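The structure under discussion appears below in the form of structure tokens.
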Amino acid sequence: MDSLLAPSSTSSFPSLNNNSNSRIKHNSLPSSLGFFNLRKFSTVSFGYSRRSCRLRLSSSRRSKIKCSTSPTMSSSASPEIPQPKIVNGPGGYVLEDVPHLSDYIPDLPVYSNPLQDNPAYSVVKQYFVHVDDTVPQKIVVHKNSPRGVHFRRAGPRQKIYFDSDDVHACIVTCGGLCPGLNTVIREIVCGLFHMYGVKKVSGIDGGYRGFYAKNTVHLDPKVVNDIHKRGGTILGTSRGGHDTSKIVDSIQDRGINQVYIIGGDGTQRGASVIFEEIRRRGLKVSVAGIPKTIDNDIPVIDRSFGFDTAVEEAQRAINAAHVEAESFENGIGLVKLMGRYSGFIAMYATLASRDVDCCLIPESPFYLEGPGGLFEYIERRLKENGHMVLVIAEGAGQELLSESLQSMTQKDASGNRLLQDVALWISQRIKDHFSKERKMTINLKYIDPTYMIRAIPSNASDNVYCTLLAQSAVHGAMAGYTGFTSGLVNGRQTYIPFYRITETQNKVVITDRMWARLLSSTNQPSFLCPKEILEDQGHEESSNELLDNGKCSPN
């Protein structure tokens, strides 16, 4: 890979504060700034509202920095929130870098990483991640394709920006339960203690509001020794309660300088706001996020922890539904799984089971009555097999419910839209249809394993993944990175800026091969209204228009 941030041992460069005479000392020069050996790159831009800086390449060995300060901003004013750190390189290379403490705090002292003296790492050929290492977001490309977006590779750095004796770390869990929460807590504590010698780690009790409403919980390896064998979170959790000013005041008053925040997209948005406020105050505090969502709806990353466990546990419910269905004449087993906006759990559980005859997810609209509808398909499967299993994600078919407009306006404390119980509703509609309209006896069994799945400990695969996520977050915080989420991208641990995690949601693409594999496994119809198929990719995909009664529009 082209040289990106290879340090020069003899160069010093102007600092980015208002004092043009000040210089960054060599021993405090952060590797994240990217002010070294950038001859191969066209531009490196760090966009700040108060100051515009662009690195222009010269023919000399040393690159020149041209900075212009906005005349409307006084030198004593607080720095504004920075724009994304983007590094552009040859061949369409783009690095979406994460913030660093040295971006807004000059002349930070640096320390040698204690891992170089750690016996556990003595067998490792390369102790530390190379400063040039980045991970591409897209790995399937054509020969003439640009190199595309990259993220900074996670792992231990040769120099760190915290003295282990001075570190006071805290951990908070927010949002709903998910398998693996305790494992992440355990590995953050043990990673800080065993790899970096950090002795002061606190747990925030009860989510975000615990910062200002409750006392902290002392954490050490003995306290967290066997918590990975339990479900839930030993720290407690809650939705909402995000008061940025109070949270940062608490962080400042308690002397906390590393914050590890475990939660979903809403929690990560809160973490981003906390980081911005910390930066505005100029505090030396690293904010690291660990993405948690059982629905697997966080973008960019390969998967979220707990997802594998959820799919595996969902098999038990599907197996039970299958046993019930095939034991009765015209038996129907209906299983509701998690998936508010994304149907990944339902899709993967269906593919893994092979006993499912129909899978309904939020991304794929369906209708009940008429040719090609759900009722027609159920009747056909019952006549062919004598039973069927139906899996439905909790967010599927919300537009079919009679009170959909009311439900879409109500939200929980985390800002998530409150959903109607579509599985109960559709169960009743199936019973009414076959008993009243078709005069056909059916035996329907409805199973909702949602809270059973959320509350179990993580399986072996997720335990390993939680360890990697936690240790990567610890390495990043100790190296001075902040405002990032630790995540797996194309099988490699990376540091991802908060804005990339919170800008959208990961959803099942129903034009993708994985959904086609599911359709071929269940033999279910696509439930799309009969329309002329447009082969040209330039045409917009037609949406499935539904009437209030759930029937397909004649148009």
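Backbone N, Cα and C atoms are what each Cβ position is placed from, and that goes for glycine too.
Unlike curated records, TrEMBL annotations are generated automatically.
Of the listed segments 1-21, 43-63, TrEMBL assigns region 'Disordered' to 1-21. Look at the Cβ of each of the binding-site residues Gly176, Gly240, Gly264, Gly266, Gly339 and count the other Cβ atoms within 10 Å; the largest number goes with Gly339. The number of other Cβ atoms within 10 Å of the Cβ belonging to Arg454 (substrate binding site), over all protein chains shown, comes to 20. For the domain 'Rhodanese' (187-220), the model's pLDDT averages out at 94. Under a cutoff of 8 A between CB atoms, and with a sequence separation of 6+ in the same chain, the neighbours of Glu394 (substrate binding site) are Lys336, Leu337, Met338, Gly339, Arg340, Leu419, Asp421, Val422, Ala423, Thr450.
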